[in-house]
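This report refers to the structure that appears directly beneath it.
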């Protein structure tokens, strides 16, 4: 029996210990109403008596209605809460009982009792326990390193990568590599977050002489003591040895095949690359200054548009001048030469027989004072404007007031007409610039 109690206790403890905490989002009171019902009965005299009754069952129904109202609001708000807290669960907590502003009773008139219940909308708050980092996250969080490394691999996009301490690093910043690309020095090896597989070769930092081989004619001890630089024999080197030495095993051949990257090599490479780096930065951050070309092109377009407008105005002025000026010729005040209007008049006279000076011709239908300046209708005078004549609310507007209103409306029409003409002219100019 004791084991069963312990097992049950553990079963209850485990889920409760991992349960989320709940916090309140909003609290409100929700209402339901119990309306009185008419009950008819007979008194001692046999007369019908009507009473308005509210029972305890009605109060229970009103309380359930209040809880249902709270549930409806919660269902609607849950969508909003999910957008704000996507990782939380939501619940509605209501009281077991409602608060009433009355008690079951009977009255002679219709009446009601209000039932209120408190509703608390809550959300779950997960326990803030730090999760264990994955190997990728551990690698990505490591700081950048610098230095010279061996076993460098080249990526498909041309980048250089190393496998160091179980994490992959990419060469950034200034990078210098040997001809074969297996040994590189970089000012910043940054972790990529990738964890190499167990079968991939690892990289290690390289010191002066660590990557040197035996060179030509070197011995087994050539690597750690300088390889090509000190190659040759068992104790050979640039100065030669008692058994190996010489130009072949020592300086010339051994140095060219086993030399590692040194600080001086990196410094020299950076010095040589500095001019090209500066030019590349300049080309990336600057662009050709074509402001003068754009300004010149804009000025040319403006000049062409202005010339077109000026020619059109001059042509129209010459046509009107030749029509109204009897003298014409060089003494004309409106310019010398024919206009498009003159050519149209000549064409009408030559092909259609319409003469400008002919009486009864088609010209007279529009080239006369009435056609050029048509008279505006003047109406039939002015009379007072009367509304609701003969009633208490009769309204009289005299002719003087009507004249003022007419003047104001005329001025408004003049302004609108001027604005329309101005807009039309400017739109033509804009089209000319385009």
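Glycine is treated like the rest: Cβ placed from N, Cα and C.
Listed in Swiss-Prot:
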{"type": "COMPBIAS", "residues": "211-257", "note": "compositional bias 'Gly residues'"}
{"type": "COMPBIAS", "residues": "293-302", "note": "compositional bias 'Basic and acidic residues'"}
{"type": "DISULFID", "residues": "63-98", "note": "disulfide bond"}
{"type": "DISULFID", "residues": "139-167", "note": "disulfide bond"}
{"type": "DISULFID", "residues": "177-184", "note": "disulfide bond"}
{"type": "REGION", "residues": "89-107", "note": "region 'G1 (Gly-rich linker)'"}
{"type": "REGION", "residues": "118-137", "note": "region 'Disordered'"}
{"type": "REGION", "residues": "132-200", "note": "region 'N2'"}
{"type": "REGION", "residues": "191-260", "note": "region 'Disordered'"}
{"type": "REGION", "residues": "252-434", "note": "region 'CT'"}
{"type": "REGION", "residues": "272-311", "note": "region 'Disordered'"}
{"type": "SIGNAL", "residues": "1-19", "note": "signal peptide"}
{"type": "TRANSMEM", "residues": "408-429", "note": "transmembrane segment"}
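Sorting each residue of the compositional bias 'Basic and acidic residues' (293-302) by its DSSP state yields 10 helix, 0 strand, 0 coil.
DSSP assignment over the region 'N2' (132-200) gives 6 helix, 31 strand, 32 coil. Looking only at the region 'N2' (132-200), the predicted model's pLDDT averages out at 88. Long-range neighbours of the transmembrane segment (408-429) within the same chain, counting only residues 6 or more positions beyond its ends whose Cβ lies under 8 Å from a Cβ of the stretch, are 305, 309. Spatially close to residue 167 (disulfide bond) yet at least six residues away along the chain are 138, 139, 142, 191, 194, 195, 196, judged by Cβ distances under 8 angstroms.
In this structure the alpha carbons, written CA, of residue 98 (disulfide bond) and residue 184 (disulfide bond) are 78 Å apart. The two recorded residues, residue 63 (disulfide bond) and residue 184 (disulfide bond), have Cα atoms 79 Å apart. Per DSSP, the secondary structure of the region 'G1 (Gly-rich linker)' (89-107) breaks down as 0 helix, 10 strand, 9 coil.
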